[in-house]
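A short write-up of the structure that comes next.
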Amino acid sequence: MKRALNFNAGPAALPESALAKAEKEMMNYQGSGMAVMELSHRSKEFEEINERTKNLLRNLLTIPDEYEILFLQGGASLQFSMVPMNLLEEGSIASYVLTGTWSEKALKEAQKVGNAVIAASSKNANYRFIPSSSEIDIPAESSYLHITTNNTIYGTQWHSIPENLPVSLVADMSSDILSRPLNLSAYGLIYAGAQKNLGPSGVTVVIIHKDLLNRSRPGLPSMLDYRVHADSQSLYNTPPTLSIYFLMLVLQWAEELGGVKQLEQLNKQKAALLYDAVDSSGGFYTGHAEEKSRSLMNVTFTLNNEDLTSAFLHEAEESGFIGLAGHRSVGGCRASIYNAVPLENVEKLSDFMNVFRSKN
Ligand code: PMP
């Protein structure tokens, strides 16, 4: 069967073995005579899926027992609101590092909830780099510091995390969770929409230190309260059962592959192929991100003019490459090379870039 050379930014490519397993189990999940999406979320079968998925994530990311894993809905965008609703205490401040569109959105939502400020920003440089730890200014009364570990649109990524912070660190990891080992103890809370590295859209993973579960504002609607979801093992209401099942299949694939260390190796290899094509092009391609802040997940680059960019994108599409246009807010090109994008597809793209350069 012909599969696309999929470089979409999210929803994005999924591991073929996970798709094949879902297909095989579609009509009759584990002898139940039902598809997963036909199972009751209170059934033994689904409770097992829920537990197994959590355990896989706990093992893959070495999540200590002091952290609760939640499977929620509403995307990473709802976390922009839930984080301040649950963690920003009355009379205190939420601090945000702006590294792109998604952190701007997170800040905007926090400002609707309470007092939220900018602790550092690379906006003046068109978000080409990640500010260094010494540039981050956290007001003394802060409840937490929020960062976006990978900037999907601009193609930058944090390669070292600010340490010994006086406040809890909160991170949007939507576009790089599971792409590399994680020292969770540096964080109070992380969240990620699933549709890039984890599975299909519809489920959002939140990993929260248990100490932070008691900070919620009084009177918070139940669905917006982390404590409510934690107390009911993410089964307070009907969860997105199919998305969680798929998350399980993707995590099983990651485990069989050798875990996050192995994935990180592969991701480095894949990203190097594309950055080499950019760096060795003699200025034909220009990377958007500064070298030290380059993302291993989203490779962003421009060509010298609009006509050449259009020709590149057109020819790429004709050759079967999907999703290479940059985000509408920045233009240019972007190749998203999440965990499940096969190395050989990235090799094909790097060859295509080299051939297109030599022809033009
Ligand atoms: N944060 C980041 C880093 C993202 O890349 C995205 C989506 N592309 C979002 C948040 C928003 O996610 P969702 O669509 O799940 O709300």
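For all residues, glycine too, the Cβ spot is worked out from N, Cα and C.
Automated prediction, rather than curation, is the source of TrEMBL annotations.
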Pyridoxal 5'-phosphate binding, same site as Ala76, Ser77, Trp102, Asp172, Gln195, Asn237, Thr238 - TrEMBL member from Thr62, Thr152, Thr156:
Thr152
Just the number: how many Å between the Cα atoms of Trp102 (pyridoxal 5'-phosphate binding site) and Lys196 (N6-(pyridoxal phosphate)lysine)?
15
Secondary structure at Asp172 (pyridoxal 5'-phosphate binding site) (DSSP, helix/strand/coil)?
strand
Around the Cβ of Asn237 (pyridoxal 5'-phosphate binding site), how many other Cβ atoms lie within 10 Å? Please give the count over every shown protein chain.
12
Listed recorded positions adjacent to ligand 1, that is, members of Arg42, Ser77, Asp172, Lys196, Thr238 whose C-beta is under 6 A away:
Ser77, Asp172
